[in-house]
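Database features, via TrEMBL:
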- 5-326: domain 'Acyltransferase 3' (DOMAIN)
- 12-28: transmembrane segment (TRANSMEM)
- 40-61: transmembrane segment (TRANSMEM)
- 73-90: transmembrane segment (TRANSMEM)
- 110-136: transmembrane segment (TRANSMEM)
- 148-175: transmembrane segment (TRANSMEM)
- 187-204: transmembrane segment (TRANSMEM)
- 216-238: transmembrane segment (TRANSMEM)
- 244-264: transmembrane segment (TRANSMEM)
- 276-300: transmembrane segment (TRANSMEM)
- 312-330: transmembrane segment (TRANSMEM)
Amino acid sequence: MDRDISLDAIKLVACIFVCTLHTIGMFMSESSDFHLSYLLFYMSGIAVPLFFMVNGFLLAPKDGGMKYYYRKIFNIVKIVCVFTFIFDIPKLVRGDISILIPFKQACSSLFFQGGVFPVFWFLGSLIFIYALMPFLKKYIISIRTRLYGLLLFLSVLQFIIYTCDIYTNYVYSFIFENVYIPQSFRLYSHLMYFLLGVCLRLYLTDNNMLKNVIGGGKAVLCYIIYILCAALICYLLYRNVGAIEYFQNSIICVLASLSFFLSLRSIVFSGYIGRTIVNLSSCSILVYTIHYPILSLLYMKTDLFVHTDFSFFAWAGLLLLWFFISYWVYQIPYISSFLRI
């Protein structure tokens, strides 16, 4: 079967968007004044929804049983533990920490955004979803009405949480999700986007009405509306320019993610462009892993993020650096198979 390069394109774009959120977000933390490059930040707000949607889309036809999903969970834990252990090797050699500390930090990274790799919360959320998949496959996904019902329930729950976020932030100056729900545990949002990807694969692949409403050229308009709404809501309601992660629960974000996904799916990639997308997409898990520690190191050791006027060039340069490093690391034998979830 021919490879669907459009899915590689979606994974690649989602990875770039995540790196953009963290890079531009660090510039935002140093300056509350609006800068043109901040639009990149709001453009990238659909990164997490796209990641979960493409995972759901890819897993929808798979039926490997419990062993298949538990093997994927094992692969996630293996990757997280190895990266955490590698980072702690100097401390272990000096005797500053015990051998158990890296494993505790791995758990903290997976479920509570702690440690050196807080971005691993995404993998922690995937662990929960994979653990649920045998049940969902048997009782929910196989029956269209039940899947639609669960999607509706999760969407309503998302809206309630979204309303709570805005209310508590506006009245009490704290965001409900930020205080009470660690990101790995926000399954009402992550599972909703995951199941939306499943739904697109199994039941809505050839739904022309859906494509006509939010696909094609209308996706551009939907995306622009999303960017403007995200910026305005972060500024006016959240009063926090970097609060884009809480905007993922909004219906506007759902529609923008869906239209963006459908639009990229409709593009045929071939030749050199297609091969480049596949090669870069295969590096996405490593780029996702290494970008945040490098950013944190630069933030602590340099004054790069103070110079907001250079934010666009810093963003572009760092993206090239991360993909360059990851591409050549992937040329090492067995690395690609080790990093496959």
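Glycine is no exception: its Cβ is also placed from the backbone N, Cα and C atoms.
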In the same chain, which residue numbers or ranges, 6 or more beyond the ends of the transmembrane segment (244-264), come under 8 angstroms Cβ to Cβ? 6, 9-10, 13, 21, 41-42, 44-46, 48-50, 53-54, 155, 158-159, 161-162, 165, 175, 177-178, 183, 188-189, 192-193, 196-197, 200, 210-211, 214-216, 218-219, 222-223, 225-226, 229-230, 233-234, 238
So which residues does the transmembrane segment (12-28) touch in its own chain, when a touch means Cβ under 8 Å and the partner is 6 or more beyond its ends? 35, 37-38, 40-41, 43-48, 50-51, 54, 119, 241-242, 244, 264, 277, 280-281, 284, 287-288, 291-292, 295, 299, 305, 308, 311, 314-315, 318-319, 322
So if I exclude everything within five residues of the ends of the transmembrane segment (312-330), which remaining residues of that chain have a CB under 8 angstroms from its CBs? That is, six or more out. 16, 19-20, 23-24, 27, 36-37, 40, 279-280, 282-283, 286-287, 290-291, 294-295, 304-305, 336, 339
Given a Cβ distance threshold of under 8 angstroms, which distant residues of the chain, six or more beyond its ends, lie next to the transmembrane segment (187-204)? 48-49, 52-61, 125, 128-129, 132, 136, 141, 144, 147-148, 150-151, 154-155, 157-158, 161, 210, 248-249, 254, 257-258, 261-262
For the transmembrane segment (110-136) and the transmembrane segment (73-90), does the number of C-beta pairs under 8 Å, pairs 6 or more apart in sequence, reach 3 or more? yes
When pLDDT is averaged across the domain 'Acyltransferase 3' (5-326), the result is 86
